[in-house]
Structures are given as structure tokens and as C-alpha cells.
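Novice: Structure incoming, see below.
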Amino acid sequence: MTVIDDGSRVGTVRPAKVAFASFVGTAIEWYDFFIFGTAAALVFGVAFFPTLSPLSGTLAAFATFGVAFVSRPAGAIVFGHFGDRIGRKKMLVFSLVLMGSATVMIGLIPTYDQIGLAAPILLVIARLLQGFAVGGEWGGAVLMAVEHAPPRRRAFYGSFPQAGVPAGLVLATFAFLIVERLSDEDLMAWGWRVPFLASSALLLVGMYVRLKVTESPEFERVRRSEKIVQRPIVSVLRFQRRPLAVGVFTQAASLVPFYLVTVFVLSYGPKELGLSRETILLSLLAACVLDIVTVPYASIVADRVGPRKMLIYGSVYMAAIGYPFFWLLQTGNGWAVLLAMILIVTIGHAVTYSAVAAYVAGLFPADVRYTGASVAYQMGGVVFSAPAPFIAVTLASSIPGYWALAAYLATACAATVLVLTFSKTAKVSH
């Protein structure tokens, strides 16, 4: 039974139940988000940009993938505003409905050959809606898990929505592995649409799970004490600028490597290294399945050593592993590719990402936490995730070898280490 400061009971709360609900909902939302990235790497260049050269078509497809990062901060501000004013739960339900609707819309868009320029325009609009929805998802899901958790277990319970991200990627990769078995003609004609349309069924599952959980006890405490902030984003920008900046740069070491692997390598491997798409997808699938398990286990260590130290350790590891990762890929050996994916996704991503939720949430007080955490995370996506595939394609096409790619990855990780080294340790507000 959760009891807030004034002694009022807000209901029986089992942190594990809330964490599981956050995991399921987040997995579904990120499935919707990641199938776009997979389709951008494999299909969208031809389906929506056939008049461009193969390289330009790939860049254009990745640009549409990156468009979502433009609307993600807007989603963070809007969802954060209402999440800090009327509650976390309501916003999470709405974000799930919006994401599912936008994803189904993508599955119904005609190709360029069918309706011309209107096709990529509609694709961009749907992607903007996806970005807006996911902009409010992360902060709400993380806060529901963290704010229901005991103080010394916040990294652990906060890791469940984090584990939902690789789970969503597993679902997305598995979906495309199935349609990949179609002929190229069938894949381009209708097969790529199936994973998007399947989102309608997942939406119903996510809605059922999310409607069953109770509101965050920390939000209830703020509401009952009548300390609701009228304009959360204004408060964050005026009084929380330093935590906001720290929260943004904390993302670099987990987001840049993850998006290089999950988006860029899907195109780079087959086109530049001669790897089969199936080899890459299967290796990525296996690494992400393991990541679902290693993220919670890594969070147990994060609760013991502190999220900040865990992030520093993981960032140093990620910086060091970049060159071996690309060397393993270029061998062309399937087992080497699997090992490369495990080194980055299963180990590196787990260590860094497991601590992000508790650390970023702890940077902000409860009355503006939805807004602060969401904006910090989504701005990290704008700065680090969105340009990662585009920068990597540019580096790979202009500089021989793979040392430039490894240097780019290491530089991003160094940014996280520097910020965390010179920032004060954040403690989660109670």
C-alpha cells in the first residue's frame, strides 16, 4: 500500500506490476518506431524516392527517419505539460493511441509510383506524428516505473521501460525477417506494409495493460499538496537549465552506438560489406533478445554503484569497442557479426541504458519531472540519434576504411563521460 506524506492512501501499488505495464507499452511504441527505421534502410529508398540515385535515395529515406526527432521535443513539451498537470497515466494512454494510428497510416500510404510526390509528403507527416507520440512516451513510462519504486531500487524498476526499447526492436526485426522471405517483388508491392498494419493488434494489447495501472504516487502527492506548476516548460527552462543540459548529453553514449547498429548498419552491411540482410537482422535480433535480459541485470549494479558511475563505465566501454565492432563486421563472417552485435547491443547498450532512466528522472523535482525528463531525453535524440545514420553514411562514403566511423562513436561517448565527470551526482527527488 503506497502512502503519501499527508497520510492519504492512493491505492495498492505493486512496483513490479507498474514496471511490467511500462515495459509492454514501451515495447509496442518502440516497435512502431523501429519498423520505420528498418523499412527506411531496406525499402523506402526505392518505394518513395525512386527518382534518386541509390545513395541519395538511402540518404532521403534516412532523412525521413530523422524527421521524427524534430517532433519528439514538441511531443515532450506537450505531453510533459499535461503529464505534470493532470497525471502520467492519461498521457501514456494517449501517446499509445497516437503512435498506433500513425503507424497504421504508414502501412496504407501509396508509393511514389502510385501517387507521385504526395507519397513521401504523407510519409513525412506520419513520421512526424510518430515522433510526437514517442516524445511523450519515454518520460511517462519511466516516471511511472521510477516513482512507484522503492528509493534503492529505482534503477532496477526504471530499467523495465528501458528494456522495452530492445524488445520493440526485437518485434520489429522479427516482423521484417518474416516479410524478408517474400520475393523482392512481393516485398516491394505489399510485404513491407504488413509490420505497420500489425500495429493495430498490438495497440489493443497495450491499451489493456496501461489502463490497469494506478497513477504515480509522487504525482498524487504533488496534486494533493496543490503544488501543480502552471507552465512546466517555463519552470524547467528558467530553473532547471543545468540538469536539462546534463540530461541531454547523458544520452550520447547510448543513443549514437544504438542507432548506428539498428539503422545505419542495416544499409552499410549489405551495400558496402557484402553481408546478407538476413545475417545482419538475425544477429541484431539475437543481440536484442539478450539485451532485454541484460538491461535489468545491469540496473541492479547501477543501484549499487550509482547510476552516474554506471553511465561513465558504460561510456568508456562503448568508446573502446567501436573499432573492434566495425572490424568484426568487415570480416564478413556470420559469427563475427553476431559477436559485434553482442558487444555493442547486449553489453554496451545494457550498461549505459540501464542507468539512464533513474539518472535523468533524478535530475528534476516531481512537479516538473515529466517535462524535464522528457525534454532532456528527446533533445538528446535530436542532437545524437537523428543525425547518426546520416553522419555515418557520409563518413563511410567519403573516408576509406572504418576508422572514421569508430572515431565518431568514440567522440559521442567522450561527450557523455565529460559531462558526467564535471557534473554533480544527481539524487532522485522523493
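Backbone N, Cα and C define each Cβ position, glycine as well.
The feature domain 'Major facilitator superfamily (MFS) profile' is assigned by TrEMBL to 18-427. Taken from TrEMBL, the feature transmembrane segment applies to 59-79, 91-109, 115-134, 155-178, 190-211, 244-268, 280-298, 310-329, 335-364, 376-396, 402-422.
Would you situate these features in the structure and describe their surroundings?
Specialist: When Cβ-Cβ distances below 8 Å are used as the criterion, the transmembrane segment (91-109) is approached by residues 25, 28-29, 32-33, 35-36, 75, 79, 82-83, 119, 122-123, 126-127, 129-130, 132-134, 136-137, 140-141, 144, 193-197, 199-200, 202-203, 206-207, 210-211, 370 of the same chain, each at least six residues removed from its ends.
Only residues 6 or more beyond the boundaries of the transmembrane segment (115-134), in the same chain, are considered here, and those with a CB under 8 A from a CB of the stretch are 29-30, 32-33, 36, 44, 47-49, 60, 64-65, 67-72, 74-75, 78, 95-96, 98-99, 101-103, 105-106, 109.
Tertiary proximity for the transmembrane segment (155-178) is limited to same-chain residues at least six positions away from its ends with a CB under 8 Å from its CB atoms, namely 15-16, 18-20, 22-35, 37-39, 42, 138, 141-142, 144-146, 148-149, 194-195, 198, 202, 262, 278, 281-282, 284-285, 288-289, 291-292, 295-296, 298-300, 302-303, 307, 310, 345, 349, 353-358, 361.
With a cut-off of 8 Å between Cβ atoms, the residues of this chain six or more beyond the transmembrane segment (190-211) that come close are 20-21, 24-25, 28-29, 31-32, 35, 38-39, 42-43, 47, 89, 92-93, 96-97, 100, 103-104, 106-108, 171-172, 175-176, 178-179, 182.
Beyond the transmembrane segment (244-268), the same-chain residues lying 6 or more positions past its ends with a Cβ under 8 Å from any Cβ of the stretch are 34, 37-38, 40-42, 58, 62, 65, 169, 236-237, 277, 280-281, 284, 311, 314-315, 318-319, 322, 329, 341, 344-345, 348-349, 352-353, 356, 359-360, 363, 372-373, 375-377, 379-381, 383-385, 388-389, 392-393, 396, 405, 408-409, 412-413, 415-420, 423, 426.
Remote same-chain residues near the transmembrane segment (280-298) are listed as 156, 159-160, 162-163, 166-167, 169-170, 173-174, 176-177, 180, 261-262, 265-266, 269-270, 310, 334, 337-338, 340-342, 344-347, 349-351, 353-355 (criterion: CB distance under 8 Å, separation of at least six residues from the stretch ends).
Proximity of distant same-chain residues to the transmembrane segment (310-329), defined by a Cβ-Cβ separation under 8 Å and at least 6 residues beyond the stretch ends, is recorded for 155, 250, 252-254, 257, 265, 269, 273, 275, 298, 301-302, 336-337, 339-340, 343-344, 347-348, 351-352, 354-356, 359, 402-403, 405-407, 409-410, 413-414, 416-417, 420-421.
Through the fold, the transmembrane segment (335-364) approaches residues 142-143, 145-147, 154-155, 158-159, 161-162, 165-166, 236, 240, 243-244, 246-247, 250-251, 253-254, 257-258, 261, 269, 275, 279-280, 282-284, 286-288, 290-291, 294-299, 301-303, 307-308, 310-311, 313-315, 317-318, 321, 324-326, 328-329, 371-373, 376-377, 416, 426-429 of its own chain, all at least 6 residues removed from its boundaries and within a Cβ separation under 8 Å.
Counting same-chain residues at least six beyond the ends of the transmembrane segment (376-396), those with a Cβ under 8 angstroms from any Cβ of the stretch are 55, 58-59, 62-63, 65-66, 68-70, 72-73, 75-76, 135, 138-139, 243-244, 246-252, 255-256, 258-260, 263-264, 267-268, 272, 356, 360, 363, 402, 404-405, 408, 412.
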Novice: If you average the pLDDT over the domain 'Major facilitator superfamily (MFS) profile' (18-427), what number do you get?
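Specialist: Mean pLDDT, the domain 'Major facilitator superfamily (MFS) profile' (18-427): 88.
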